[in-house]
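A short write-up of the structure that comes next.
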Amino acid sequence: MRISKPHLRSVSIQCYLCLLLNSHFLTEAGIHVFILGCFSAGLPKTEANWVNVISDLKKIEDLIQSMHIDATLYTESDVHPSCKVTAMKCFLLELQVISHESGDTDIHDTVENLIILANNILSSNGNITESGCKECEELEEKNIKEFLQSFVHIVQMFINAS
């Protein structure tokens, strides 16, 4: 019975060994290439996607249900499609306020994970410059529940665009 690991790159260690032994790289450099190849075969692919971001947002929403956090956050409730990256960056900045105000380690860890995921996705799309968009401080202040609902809405805009 063969156990499959879907997140591992399909790199055969035997191929590296064969290439190493049958080539002129029988030097220290060749051994380094072989060792690095072995390590890379075991590394999981880290492809973040917006579905994971929504999952983390739902988790944050569930975690704050039992707390009373009286914070208002800059919230973009009517995002224009040409300003969605700017709005997303504002949401990510405001998310750190939730992490700080809650003082909860689960919320902190989930927020950190969400920020890393979203930033990875945004950076993989390249540097997009948007003009004519509102600054974070110009946005309306809303409670956490409305903030999270608007956040989910903007993430869905990214999902629908891809």
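Positions of Cβ are set from backbone N, Cα and C atoms, glycine also.
In Swiss-Prot, the cysteine linked to CYS83 by a disulfide bond, out of CYS38, CYS90, CYS133, is CYS133. The Cβ of CYS133 (disulfide bond) has 18 neighbouring Cβ atoms from other residues within 10 Å, across all protein chains displayed. Counting other CB atoms no more than 10 Å from each candidate's CB, the disulfide-bonded residues CYS83, CYS90, CYS136 peak at CYS90.
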